[in-house]
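Undergrad: Please see the structure below; I have some questions.
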Amino acid sequence: MTKSIQIALDGPAAAGKSTIAKIVAEKLGYIYIDTGAMYRAITLKAIREGINLESGEEAGRLLADTRIDLQPSQDGQLVFLDGKNVTEDIRSQNVTNSVSMMAAHESVRKQMVKLQQILASGRGVVMDGRDIGTQVLPNAELKVFMSATVEERARRRFEENKKRGIDTPLDDLQKEIAARDKMDSEREVSPLRQAQDALYLDTTNLSIVDAASEILKLAEERLD
Ligand code: CDP
Ligand code: CDP
């Protein structure tokens with residue numbers, strides 16, 4: 001029996017990647033790495049420090065001088081930026097609106113990919129993002145590209161926001177998600193793409209439990 005595998009989950013915003021990744025990682029006793037949180041953390045710092053987000057040079061320099069740590073927690077993962085807990089702050093609309101611009105810079109992606117590869121090295125891991133199957137873990141034993149219709153993804157974010165006491169109109173959420181997907185898919189460096197050897201999972205009509213069981217079944221097949 002293979003001792004542990006690497007699982008790469010990619011796809012557009014609100015496809016359910018992190019929710020499913022957390023469940024799968026917990027069941028398998030693996031670590032979970034939310035790479036989007038890392039791009040969000042450096043974006044938060046850039047906003048706070050008034051860095052020009054359009055400049056790849058400034059963004060790359062900022063990241064080289066930054067520490068981003070991920071720590072497993074009951075709810076999934078805590079995110080630390082230069083030693084300070086920013087788990088909640090990185091989910092603000094301000095960060096969400098700017099993160100794709102930050103993530104488009106080659107200077108930023110190069111450093112992030114290296115860090116993510118170190119975090120995943122030699123252990124059972126479930127990693128979610130946009131370029132995990134294509135760039136970060138090209139040899140992952142299981143790659144899944146998860147998606148759902150943009151209407152369903154906006155509805156999910158709407159419900160999630162409501163639970164957190166945030167009231168953003170559904171229409172605005174759908175526009176924001178579509179704009180981010182477009183930027184992430186059309187950027188020159190490591191655009192959002194399904195890896196050639198990734199399986200496609202449409203979660204539009206799948207419950208969280210069913211989507212997680214589907215991925216666990218695929219993982220177990222690779223552990224046999
Ligand atoms: O959770 P949500 O789908 O809103 O996004 P996220 O996973 O937190 O990712 C935020 C943003 O980071 C994405 O829209 C991408 O611009 C960027 N990202 C990326 O470029 N590559 C990754 N591996 C992960 C995230
Ligand atoms: O990580 P990503 O942006 O792909 O999505 P997420 O943050 O895991 O999921 C977005 C929202 O959709 C969460 O509130 C999940 O509970 C919900 N969800 C769902 O309702 N049905 C699914 N099959 C997957 C996620």
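Yeah, the Cβs are placed from backbone N, Cα and C, and that goes for glycine too.
When I checked TrEMBL for this same protein, it listed these features:
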| type | residues | note |
| --- | --- | --- |
| DOMAIN | 7-220 | domain 'Cytidylate kinase' |
| BINDING | G11, P12, A13, A14, A15, G16, K17, S18, T19 | ATP binding site |
Undergrad: If you skip the near sequence neighbours and keep only those at least six away, which residues in the chain come within under 8 angstroms of A13 (ATP binding site), Cβ to Cβ?
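TA: When sequence neighbours closer than 6 are ignored, A13 (ATP binding site) has R153, R157, I177, R180, D181 within Cβ distance under 8 Å.
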Undergrad: Hey, for the ATP site built from G11, P12, A13, A14, A15, G16, K17, S18, T19, who else sits with CB inside 8 A of the CB center?
TA: D128, M146, A148, R153, T203
Undergrad: Filter the binding-site residues G11, A13, A15, K17, T19 down to those with CB closer than 6 A to an atom of ligand 1; keep them in sequence order.
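TA: Listed by sequence, the hits are A13.
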Undergrad: Including all protein chains shown, what's the count of other C-beta atoms within 10 A of the C-beta of A15 (ATP binding site)?
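TA: So the number of other Cβ atoms within 10 Å of A15 (ATP binding site) is 26.
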Undergrad: I'd like the Cβ neighbour count for K17 (ATP binding site), meaning other Cβ atoms within 10 Å of its Cβ, all protein chains included.
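TA: So the Cβ neighbour count for K17 (ATP binding site) comes to 28.
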Undergrad: I'd like the number of other C-beta atoms within 10 A of the C-beta of T19 (ATP binding site), please.
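TA: A count of 18.
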Undergrad: Measure from the Cβ of G11 (ATP binding site) and count the other Cβ atoms within 10 Å, all protein chains considered.
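TA: The answer is 28.
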Undergrad: Looking only at the domain 'Cytidylate kinase' (7-220), report the model's average pLDDT.
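TA: Taking every residue of the domain 'Cytidylate kinase' (7-220) together, the mean pLDDT is 96.
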